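*Asks:* Got these off TrEMBL a minute ago, pasting:
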DOMAIN    B:23-559  domain 'Cytochrome oxidase subunit I profile'
TRANSMEM  B:40-62  transmembrane segment
TRANSMEM  B:82-110  transmembrane segment
TRANSMEM  B:130-151  transmembrane segment
TRANSMEM  B:171-192  transmembrane segment
TRANSMEM  B:213-241  transmembrane segment
TRANSMEM  B:274-295  transmembrane segment
TRANSMEM  B:307-328  transmembrane segment
TRANSMEM  B:340-363  transmembrane segment
TRANSMEM  B:375-398  transmembrane segment
TRANSMEM  B:410-433  transmembrane segment
TRANSMEM  B:453-475  transmembrane segment
TRANSMEM  B:495-519  transmembrane segment
Amino acid sequence: MSAIILFLAVLAVIAGWWLSQQRLTAKPWLEEGPAGDFPGGDAMTWPAAKVGLGVFLAVASALFVLFISAYSMRMSVVDWRPLPVPRLLWVNTGVLVLSSVALQWSYVAARRHDTEGVMIGLLAGGASAVIFLAGQLLAWQRLGAAGYFVASNPANSFFYLLTAVHGLHLTGGLVALGRTSAKMWRGAEITDMRLSVELCAIYWHFLLLVWLVLLGLLTGWTDDFVDICRQLLS
Amino acid sequence: MVDIPYEGIPGIPPAEVPDVELYHPRSWWTRYVFSQDAKVIAIQYSLTATAIGLVALVLSWLMRLQLGFPGTFSFIDANQYLQFITMHGMIMVIYLLTALFLGGFGNYLIPLMVGARDMVFPYVNMLSYWVYLLAVLVLASTFFVPGGPTGAGWTLYPPQAILSGTPGQDWGIILMMASLILFIIGFTMGGLNYVVTVLQARTRGMTLMRLPLTVWGIFTATVMALLAFPALFVASVMLLLDRLLGTSFFMPALVEMGTLSKYGGGSPLLFQHLFWFFGHPEVYIVALPAFGIVSDLISTHARKNIFGYRMMVWAIVAIGALSFIVWAHHMYVSGMFPQFGYFFATTTLIIAIPTAIKVYNWVLTLWRGDIHLTVPMLFALGFIITFVNGGLTGLFLGNVVVDVPLSDTMFVVAHFHMVMGVAPIMVVLGAIYHWYPKVTGRMLNDAMGKFHFWVTFLGAYLIFFPMHYLGLLGVPRRYFELGDATFIPSSAHSLNAFISVVALTVGFSQMVFLFNLVWSLFKGEASGGNPWRATTLEWQTPETPPGHGNWGKELPVVYRWAYDYSVPGAAEDFIPQNQPPRATQLVQGAAS
């Protein structure tokens, strides 16, 4: 459970920093008067959807970190046999990086009011995300063909589980991306769409980051790191 | 939604919100059924939670019938008893209390109290309710599937939760976990709304330190729930895979019904860590909204500002943070590394400090207040007393050496029913009596309310005080019947019968309350907009019940905190938050 505790500590620092900007030491019973008299503490200027996405990313991170906590606890039991990670995953990773880059491209284009660039970025990002998902399914199929079934070893179970949860999050993102693209297709004003494109890009970068962490975990790259952390804590 | 800053002062919403931002219903269906108005969603949440809560209430009667009069009722067998326990606990904690406090009160009060027109994502908010309803229906369906609901206990501990021999092994456990997963998805949608609305949609002048404590409580509880429910989600998904696909996340190698099972190597302790990582914050997810609401009830009905507002806010935040590092005090007898227990015992006792600060502040708010013993106030006072009682036995159980012998006895049942059952329900009931006039425009009947309070309050003590004593005698919990154990005297059996009679009485007195809710809707005295002469924004709406968009043409502007009661020199004993400062002060302000 140390992973989730560390994660919550980071969140607590962020929340604490934010709260420290909110004049929590004010004495509201003495502060009668209109809003402008007392600086700080008003609603944020960010658009609500962006804050909403930020909160959602915190929740999704908590979910993944909890899975990772469970992974590291289950890993230390003797029956754990790491499975060979299919080479295909490296190709998939590359495709997901491309997807993220395409959406960043789209966002940059949106800032430049370049409608065509936004459209190309969105479609390229969406298409490569679909290819990534197909690649993940193919990787599952290959593992299954090689005899690594979901229930035959906890390492396999976690592999399928973590890739599935990540894939489902990406599928959810594709729904949002699809809606944004459809609106662009129907000729929505680019200034109205800039925020949607930006949110899609942020979500994609987040999922790329999550995937890289998961990949490190599944391939065993982070084992040394985990061991060092464990020694530090015990 | 474009990130162009509003005109005028940056960061301050305009007084008038353009119509496009608010969704307007066009038909009866979108107005009352698939509504995106937080007030309608709040009522939908509350009614659904109450309906499933009544099922849990009936289950508790059945359990009490069995415990009080073992062997008398042939229609209750040992398996069913376990199913009743499980469903009663799960429904009450998650589908009733969590849904009612956050989905019900959160939806109704947050937009009104912060001066917003609605939640920031109304469509997602509507979706949240329908996913919650689906979760409730899936849960209720387990009563009708082959094998019935699961009897694994509300904590669903593996390995027994998914092995044969536990009732509901076929369908019950699968549907239970499906229902929990749905609930968490639905809650996350709602929770995003509550948090972002408090962050983003506060009206002009509503700084964080001018928020009523109700909003602070619900806000902090929602943040906690958003971070704690994923742990239950992870545990449910992995347990579901263990049951359906035969994985061994939690399942150790074991012999089931004489044959070696397919499982091996899994860690039941891992489940308990995940479950209680959710389970303990859950206690405060229910308690913090109750703390907030009760602060407002006491301040309003004692006509006095809340004592130590800042300390109350800090205590809410501190309790929220601390509640994430106490989970393993539920696991002293689980076989985890024993020294962990002492760490968690320490954090558990530390959390008593901010909690005690809150209790002192409530009492000091009452001190020399102009106490009106209205029904909401009675329930608020009932809450304080009950919470102190339940909290003190929590200090007993938080200590490892005391917990180990008491852990499997009725003492624990009595403790958590006092602190987490009766106490929050007192607040729920008080809050309904308090805000019903705003929701319907009519007062609840006072005589029926007082009858309801006294029967509920005294009855709860007659039920749960003796139960502590039973626990100290060593009467075990979760047992279908006690049999002829020599250490249990015959007086314990008559005490059990007494508790059952009182429990049935208290249960039926809730019917008076339900009747009151319906009767007052048609026959209740008209309340006017602000019957309790309260300061907070929800009482200052132009219409009662508040119309669509809450505030008419212009959003309110806030000039003061939420607790200006009995201000010396003021014309009335309350000053609403949106009342501008007196003209003389304005002149002084301009001169300086």
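Just so you know, glycine gets a Cβ as well, placed from its N, Cα and C.
Since we're looking at a predicted model, the values are computed, not measured.
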*Asks:* Which residues of the same chain, at least 6 past either end of the transmembrane segment (B:82-110), have a Cβ under 8 Å from a Cβ in it?
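*Replies:* Cβ under 8 Å, 6 or more out: 38-39, 41-43, 45-46, 48-50, 52-53, 55-56, 59-60, 62-63, 76, 116, 119, 125, 128-129, 132, 135-136, 139, 142-143, 148-154, 166-168, 172, 176, 180, 183, 187, 190-191, 194, 197-198, 214-215, 218-219, 221-222, 225, 282, 285-286, 289-290, 293, 420-421, 424-425, 428, 431, 435, 439, 478, 480, 538.
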*Asks:* Mind checking which residues reach the transmembrane segment (B:40-62)? Cβ under 8 Å, same chain, six or more beyond either end.
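*Replies:* Distal contacts: 31-32, 76, 80, 84, 87-88, 91-92, 95-96, 99-100, 103-108, 125-126, 128-129, 132-133, 136, 139-140, 439, 503-504, 507, 510.
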*Asks:* When each of B:171-192, B:340-363, B:375-398, B:410-433 is checked against the transmembrane segment (B:274-295) for Cβ pairs under 8 Å, which one has the most?
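*Replies:* Checked against B:171-192, B:340-363, B:375-398, B:410-433; highest Cβ contact count belongs to B:410-433.
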*Asks:* Quick one: mean pLDDT on the domain 'Cytochrome oxidase subunit I profile' (B:23-559)?
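*Replies:* Averaged over the domain 'Cytochrome oxidase subunit I profile' (B:23-559), the predicted model reaches a pLDDT of 93.
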*Asks:* Using Cβ atoms and a strict cutoff of less than 8 Å, what residues sit near the transmembrane segment (B:495-519) while being 6 or more residues removed from its termini?
*Replies:* 57, 60-61, 64-65, 67-69, 429, 432, 436, 444-445, 448-449, 451-452, 455-456, 459-460, 462-463, 466-467, 469-470
*Asks:* Against which stretches of its own chain does the transmembrane segment (B:171-192) lie, if we need a Cβ under 8 Å and a gap of at least six residues from its ends?
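*Replies:* Tertiary neighbours of the transmembrane segment (B:171-192) are 83, 90, 94-95, 98-99, 102-103, 106-107, 121, 124-125, 127-132, 134-136, 138-139, 141-142, 145-152, 156, 161-162, 222, 225-226, 229-230, 232-233, 236-237, 239-240, 243-244.
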